[in-house]
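Take a look at the structure below.
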Protein chains: 4
Amino acid sequence: MDSQPQESDITTGQKVNEDCAVIGFSGDGVYSSIIAGLRSLQHRGQESSGIITYDGKIHVKKGMGLVSEVFKNADPMPGIVGIGHNRYSTSGSKGIENAGPFVISCSLGYIGITHNGEITNEHELREELKHDGYIFTSSSDTEVMLIEFVKEISRYGINEGIKRGMERLKGAYAAVLMINDRLYAIRDKFGFRPLVLGRTFNGYIIASETCAIDALSGETIKNVEPGEVIEVFNNSYKTIFKLDGDVSHCMFEYVYFARPDSIIDNIEVFQARVRMGMRLAVESPVDADVVVPVPDSGRAQALGFSKATGIPYSEGLIKNRYSERTFIMPDQKSRLAAIKIKLNAIKSEISNKRIVLVDDSIVRGNTMKYIVKIVRDAGASEVHVRISSPPITAPCFYGVDMKTKNEFIAANKTIESIKNEIGADSLAYLSIDGLKQAIGIKSICISCLTGIYPEYVPLS
Amino acid sequence: MDSQPQESDITTGQKVNEDCAVIGFSGDGVYSSIIAGLRSLQHRGQESSGIITYDGKIHVKKGMGLVSEVFKNADPMPGIVGIGHNRYSTSGSKGIENAGPFVISCSLGYIGITHNGEITNEHELREELKHDGYIFTSSSDTEVMLIEFVKEISRYGINEGIKRGMERLKGAYAAVLMINDRLYAIRDKFGFRPLVLGRTFNGYIIASETCAIDALSGETIKNVEPGEVIEVFNNSYKTIFKLDGDVSHCMFEYVYFARPDSIIDNIEVFQARVRMGMRLAVESPVDADVVVPVPDSGRAQALGFSKATGIPYSEGLIKNRYSERTFIMPDQKSRLAAIKIKLNAIKSEISNKRIVLVDDSIVRGNTMKYIVKIVRDAGASEVHVRISSPPITAPCFYGVDMKTKNEFIAANKTIESIKNEIGADSLAYLSIDGLKQAIGIKSICISCLTGIYPEYVPLS
Amino acid sequence: MDSQPQESDITTGQKVNEDCAVIGFSGDGVYSSIIAGLRSLQHRGQESSGIITYDGKIHVKKGMGLVSEVFKNADPMPGIVGIGHNRYSTSGSKGIENAGPFVISCSLGYIGITHNGEITNEHELREELKHDGYIFTSSSDTEVMLIEFVKEISRYGINEGIKRGMERLKGAYAAVLMINDRLYAIRDKFGFRPLVLGRTFNGYIIASETCAIDALSGETIKNVEPGEVIEVFNNSYKTIFKLDGDVSHCMFEYVYFARPDSIIDNIEVFQARVRMGMRLAVESPVDADVVVPVPDSGRAQALGFSKATGIPYSEGLIKNRYSERTFIMPDQKSRLAAIKIKLNAIKSEISNKRIVLVDDSIVRGNTMKYIVKIVRDAGASEVHVRISSPPITAPCFYGVDMKTKNEFIAANKTIESIKNEIGADSLAYLSIDGLKQAIGIKSICISCLTGIYPEYVPLS
Amino acid sequence: MDSQPQESDITTGQKVNEDCAVIGFSGDGVYSSIIAGLRSLQHRGQESSGIITYDGKIHVKKGMGLVSEVFKNADPMPGIVGIGHNRYSTSGSKGIENAGPFVISCSLGYIGITHNGEITNEHELREELKHDGYIFTSSSDTEVMLIEFVKEISRYGINEGIKRGMERLKGAYAAVLMINDRLYAIRDKFGFRPLVLGRTFNGYIIASETCAIDALSGETIKNVEPGEVIEVFNNSYKTIFKLDGDVSHCMFEYVYFARPDSIIDNIEVFQARVRMGMRLAVESPVDADVVVPVPDSGRAQALGFSKATGIPYSEGLIKNRYSERTFIMPDQKSRLAAIKIKLNAIKSEISNKRIVLVDDSIVRGNTMKYIVKIVRDAGASEVHVRISSPPITAPCFYGVDMKTKNEFIAANKTIESIKNEIGADSLAYLSIDGLKQAIGIKSICISCLTGIYPEYVPLS
Ligand SMILES: Nc1ncnc2c1ncn2[C@@H]1O[C@H](COP(=O)(O)OP(=O)(O)O)[C@@H](O)[C@H]1O
Ligand SMILES: Nc1ncnc2c1ncn2[C@@H]1O[C@H](COP(=O)(O)OP(=O)(O)O)[C@@H](O)[C@H]1O
Ligand SMILES: Nc1ncnc2c1ncn2[C@@H]1O[C@H](COP(=O)(O)OP(=O)(O)O)[C@@H](O)[C@H]1O
Ligand SMILES: Nc1ncnc2c1ncn2[C@@H]1O[C@H](COP(=O)(O)OP(=O)(O)O)[C@@H](O)[C@H]1O
Ligand code: SF4
Ligand code: SF4
Ligand code: SF4
Ligand code: SF4
Ligand SMILES: [Mg+2]
Ligand SMILES: [Mg+2]
Ligand SMILES: [Mg+2]
Ligand SMILES: [Mg+2]
């Protein structure tokens, strides 16, 4: 089959890296281990998927779509080490040449990288590197990282080079660097994005979330700590250094992004969500008949809300499991109806009842408006919306695709007016303090809630 | 793009119709209404999808895959009436020419049909029809239905012809017949498979389940009763006749197949499932710490079990939402691990706890064995499996893809030995009586539980 | 890969059968022999391709595109007999369900057909057959043929049934009927379209042209004569009957359609074309420096013209071999330039010379206008256009896609005004008499030259 | 549609650049002009196709397959300048990341390149450049060229940088360098591969062959001379310098590779081929009845042979125009027959005649063996093979895919034994002197005939 034309835009400054999944594997069964890992991290990115393996030579496969689509009929790739990447889709126009992982050959041999996060001084670094004579083939910040590392490593050797690179790279990055047959797990000093190290029966795995280690029946060894770099080589691993600094774990991983069965920086995500629901119940109780989650993201929190209040929990909304992929309905009216294809109410659970509707967060608010309508249409006598995180009011520059302040419903509106807009009888968000307590660690990033950033950001 | 070659097998007697979805629509917005209906019934069949519309001429579109894949970039089809079909996938080798709906032209004009069920005397009818001079282009029993109706209608007119056709067609069928601009909702006299009539803001809809009517923000008018035929024409509908007989609604629709938000023959599926769980708790109680559903099919039942026993309900298993599609892992070891890609435990909910694991049914038993293992690996101190339906021991000849007795784990094994095989501490199934009470109607089919069939079946 | 949606239009009366290729094979190596045959007959149709084989069961593969595209990665189809079809493309909107071959099952077993030609009373027969209770699944006249044969054979047995079918079918057909493991080569009594029988080292082949037999290193046994039916069965063949009547071989096969290396009704096509050129030279000589063919269709005729006149032959135009497939240039100006992508002049052969430009025929005249321009731009001092067949002035109803009288440049214009329109210094066509003499048989169809048809045609 | 996975191999030293087509365009209508140019140069490469345009930003589209396939449904690319590339297919495994053109961004802005030829010191340069800190993303020698130019230009400015780059790059290259909105036509000092400059009604075009300029109805301005660099910018062009040295135009362009309607280094290719045939007739005359070309590559030469000898020319072989694309026949026997699908004899032109069979060259000899057999099977009384170029005995290192000496039938065999192997009655090749005279220039490369190379080659 003839391949599709590929579009490219290597124009500097266009952001292409949003929340993603990374995998590194060293040992036997590299290809199938990376495939399994990427499939278990598919929720972190569905736009494109890619794998690079090394066995003296380099092998690369990338494609648009889910892991299972891209690698469906692919021949297994040979390798003693390898890295993999799932990219998050924000729009369909992003070209394959911006898809991870990246690999180059240079005087050091073959160097590949897979990265989750966002380099905030990407633009400055790119210009500097160009000034130094480096060249770029894409507009991806991952390529800037890669070349920055190549530059420093060429000058200072691997360990010192990685350190110097990290000192120059600002922003969020949880990455795996592959230098020939060695892997380096690299996490920025704030620890925005998660990264863990595990062991399977036939090798070492580095992954964005523990659920990838579980998928291989492996065991988690440790978190890659903020600022830490771990080398995996020759069937062993060692920390080669750890930069110090204030820690700032993304609260949104706990609230929404991560899988509920993952453990992130020692916190069980599911339990954190249950606690968010409990805490929310304490902060904003309500007299009602049943607690109903917005599936799937509100389920753990609704269980917590129910537990804390004693109001029975039930499933009152059904999510159509086949509506994930974008499909444009052919006319305007049917487009409006499309939300009903995605979600439907179980009338018998809702009719004539006072409903507490629990979800994780509200970004734009459109969806919540329709969900409230669906619940009302199903006969609810009251609809109380409870959101298990605080209002989002500022952009994220650390790898989550929330950039434009104007999009956030909470940016310029009072809670009262949001309540009216979505048509709820009452609306409450979790407080920032409540969130911190529920997660159980203090050193979390809350910049998108406060607009205060732990470090320079490219505000324009 | 050049299309794919299409395989065909018109060999008589090869079964190709398993549980499926049907839609008929008459009014404005035929195409988008059928699309929305089919998308909301996608759970009844993911192998292929097709739509036929009529506007004086006939328009047909069919393809392999999900509705959203088949119709992704398709031009809207013009029409004043139309029918649609989703087919269930049991294997990938089934050709497009066996995919519904079917349409022919003859002296009566254009006649199309979409059908869910299985004609038990398909073989005899096909031979008789061939003897009468009729010809076949596929091995589908839907074509046999269509031609049987054409034959009788040609001789006796529409109403009498449909009646005579129904008298000759044995087995299960919930179908929509399109005769030029008229639609006929047809349900076999046992009422095995569901069929409902609804009204939207711009037309009439006939559908397998009420959730399709909901998806169009329509209202359900009535069930198509067992043996009933309803004509939809000229912006109105009327029952043209109703055959009498013993009713036999498929219990498996309530147990597993239908969407929980649908109402089937006046019974709310979700509530029936909750009652199955409650009843199971009464029949086979157990001392435990937490009730955990096997997602998604055990959720309502687990809620019922929890409610009846007071044992707290929680989510302890996470289902990877991206593992639905078949993807073959590249080696044996990774194939074994694949179940872990599909399901993972939330250790913190399970560790050191006595778990009641609730699911809807067990057919072959392989999956349940692995689920118990996953729960044990997560540290459960006890695992009590509770199945909210009775053991399946006999084949279904009425449209559900359970044909080979040897496949059923319960066919030749005691419950004790099944318990040992799946590695549970205890195992209990719901009783047949309990099932009937939970569903709340007496006239249900339980043939696959008893091996006793309400009518002749082609046992070989 | 998920297949494409398929459009259908079974509306009676829409013509879908234009000049095509048919193959039948009985013996060993059915699949690969049919593939080779179809590939060698690709010039007779590039729109779609299909094969049906029989080995007790029926196997069907069809698809849009060239043989090599449709069957690229296909598994070989088992069979002891089989038939194949290439369809000619007149427009891209024709659905796969109208693509040949066709197959049905009925009381006689499996009956398949592949057909080249056009049934002129298709509409009447279809209505009659519907009246008799027959049903249709497509708008193809091939299906009408098939069902007409099924009807007669059911009543009168195979031999008598085929005869009666042929007596009722008007128009042009060269077909292979497959009745279970028997093949029947069937040619209408006029013999419009070619059909030959051959023998390879491992079986019998029926084909539209001898070049298909050559492709299998086989030998041609005989023409299937006009009105003749030959049965191939059990490793032997026999004529089962032959209808009498006036013969009318399509002159256009010799002029343009057939491959130059084929022998049609005992006339070598290449030699016939050389004679057309010679005869044209005698009828319309011209004083010139070089004879240049329009490649590829004018080459043999130009050689004849050169031979008869002594004016040297040379290649003066180059045809881009990669421009066959439709590709729409992105803007108007580049669309006009597209003809230059298809054809270019060899200036050194043309500049300052008096050119005799020889082609086979002119239908619409657009292309010839541009070719004359290209030759003039290359510096020709004079351009004399010589067309090796008479002007086309009337539609063909016998299987060649020339339907609309208004399209023909010669329908309403004098030769003088055509000459001016295409910008030639002189223009001459071959006379009808000259054509007959060049081909060397009297009994040729010339209806599209005269507007007089050997039989009823559905003039509307 | 989800794209295909892409394989990559950036292992140094794997050759990926064989004879190809390049286009550069500056002016209005960049996209459609490049498309038209690439389509007219499709014969130089069918494996992949790509275009890069610049309009302040960079736009890239590449894909596997013909131009018409890759750009079929593509949106037009905006641009004020652009470059394009067709790649020659030697095997299907070559990845898209090795497909031209290439583009990078660096301190100079955007730099793109499209290249035809082969860099003989690619390996050494790559290592040196790596040593200098440069990095590579593919194994293509085009990337080495690009980076070498970037390096020199960064240091010395554009004009001096290109010159220094050319002094370091050994081997064959005809390239277009795009530096932001400027184009540079660059030809190695030997002038192995052709390159011309032309003017169309809306801009300047640089192309591998004049037929691309013709396709745009443009006029050829001049050859890019060996060692010359021409800048096209701001609607004008100028030579910026010209390196001196011995010239060595590839004789194989005249013999086989180029289109017959092109003019290469002032020699009309068609006429050169006619002269090769005439000269061959003088060197190796033979008493025969008809001169038959092997289509299409032997046609001009056969015309020359006929002209020089007076033996009549005719077409005796038909080439199936649909057999270009690789299609694997399903079994061994049919694979052997496949040559008959590609070529067939016109028996009436050959039977009982003494044939002079004329082709351009013999590389491996397999095909010629079968052609002689086809001609004999068609009844030729004698078959005299005349090859219009000398025997190929040594590998090409300058961009033509003839690498392995062992493959060449003439490398280790006498002409007598080749004659026997192919089954001819006589065999003669053109002499090297004859070739030179026929082409009409002395300074031609004949390294693959002599094994003597004008410059260092990486013999291994
Ligand atoms: N959209 C939906 N939302 C929730 N449940 C659904 C939906 N569609 C189907 N179901 C239910 O899902 C169950 C099947 O899902 P699940 O248990 O996850 O898969 P499996 O078929 O592997 O058992 C059935 O009980 C069906 O009634
Ligand atoms: N495999 C999974 N099983 C259950 N929940 C998941 C899974 N993968 C991701 N999630 C959770 O699903 C939530 C997102 O799902 P959902 O609410 O259904 O969709 P949406 O993104 O439209 O809000 C997130 O909270 C995420 O943590
Ligand atoms: N458009 C064209 N028209 C005619 N000849 C062409 C064209 N393009 C390339 N050629 C010539 O065709 C020859 C190759 O064609 P041919 O002999 O048919 O195929 P093969 O590569 O199998 O030998 C070359 O000599 C080339 O110069
Ligand atoms: N394989 C072939 N080799 C040479 N000529 C062929 C072949 N197949 C078909 N033809 C002849 O080619 C002619 C059509 O080709 P051509 O003139 O190039 O295209 P067009 O259809 O645009 O006129 C017909 O006369 C046909 O007989
Ligand atoms: S700004 Fe918000 S989304 Fe971004 S890293 Fe911080 S907490 Fe996470
Ligand atoms: S046999 Fe079982 S599955 Fe089949 S219709 Fe009856 S209850 Fe349903
Ligand atoms: S009308 Fe013309 S094209 Fe048609 S069959 Fe007769 S001669 Fe051939
Ligand atoms: S070695 Fe031969 S093919 Fe290569 S450039 Fe020289 S003449 Fe051409
Ligand atoms: Mg959600
Ligand atoms: Mg289940
Ligand atoms: Mg032509
Ligand atoms: Mg050749």
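Residue numbering: from 1, along the chain as shown.
Cβ atoms here come from the backbone N, Cα and C positions, even for glycine.
Worth saying up front: this structure is predicted, and the values here are computed from it rather than measured.
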Seminar exercise, completed: Among B:Cys211, B:Cys396, the candidate listed by TrEMBL alongside B:Cys250, B:Cys445, B:Cys448 for [4Fe-4S] cluster is B:Cys396
For this session: From B:Ser297, B:Ser306, B:Ser417, B:Ser426, grab the residue that TrEMBL records in the same Mg(2+) site as B:Asp359, B:Asp360.
Result: B:Ser297
Problem set entry | Output field, [4Fe-4S] cluster shell: CB within 8 Å of site CB centroid, site B:Cys250, B:Cys396, B:Cys445, B:Cys448 dropped | B:Phe192, B:Met251, B:Phe252, B:Tyr398, B:Val400, B:Ile446, B:Ser447
Problem set entry | Spatial separation of B:Ser297 (Mg(2+) binding site) from B:Cys396 ([4Fe-4S] cluster binding site) - C-alpha basis, Å | 20
Exercise. When a 10 Å sphere is centred on the Cβ of B:Ser297 (Mg(2+) binding site), how many other Cβ atoms does it contain?
Worked result: 19
Problem set entry | Entries of B:Cys20, B:Cys250, B:Ser297, B:Cys396, B:Cys445, B:Cys448 (recorded positions) sitting next to ligand 10, with Cβ under 6 Å as the cut-off | B:Ser297
For this session: Taking ligand 1 as the reference, state which of the binding-site residues B:Asp359, B:Cys445, B:Cys448 have a Cβ closer than 6 Å to one of its atoms.
Result: none
Exercise. Within 10 angstroms of the C-beta of B:Cys448 ([4Fe-4S] cluster binding site), what count of other C-beta atoms is obtained when all protein chains are considered?
Worked result: 26
Problem set entry | B:Asp359 (Mg(2+) binding site): tally of other CB atoms within 10 A of its CB | 23
For this session: Using the recorded Mg(2+) site (B:Ser297, B:Asp359, B:Asp360) as reference, state which further residues of the same chain have their Cβ within 8 Å of the centre of those residues' Cβ atoms, listed in sequence order.
Result: B:Val255, B:Tyr256, B:Pro293, B:Val294, B:Gly298, B:Gln301, B:Val358, B:Ser361, B:Ile387, B:Ser388
Exercise. What does DSSP call B:Cys448 ([4Fe-4S] cluster binding site) in the simple three-state scheme?
Worked result: helix
Exercise. How long is the line from the C-alpha of B:Cys445 ([4Fe-4S] cluster binding site) to the C-alpha of B:Ser297 (Mg(2+) binding site), rounded to the nearest angstrom?
Worked result: 20
Seminar exercise, completed: The answer, for which of the recorded positions B:Cys20, B:Cys396 has its Cβ ringed by the most other Cβ atoms inside 10 Å, is B:Cys20
Problem set entry | Rounded distance in angstrom between the Cα atoms of B:Cys448 ([4Fe-4S] cluster binding site) and B:Asp360 (Mg(2+) binding site) | 15
Problem set entry | Neighbour-count leader, CB within 10 A, binding-site residues: B:Cys250, B:Asp360, B:Cys445 | B:Cys250
For this session: Could you please provide the mean pLDDT value for the domain 'Glutamine amidotransferase type-2' (B:20-235)?
Result: 93
For this session: Calculate the distance in Å between the alpha carbons (Cα) of B:Cys20 (active site, nucleophile) and B:Asp359 (Mg(2+) binding site), and round it to a whole number.
Result: 23
Exercise. If you run the three-state DSSP split on B:Cys250 ([4Fe-4S] cluster binding site), which class comes out?
Worked result: strand
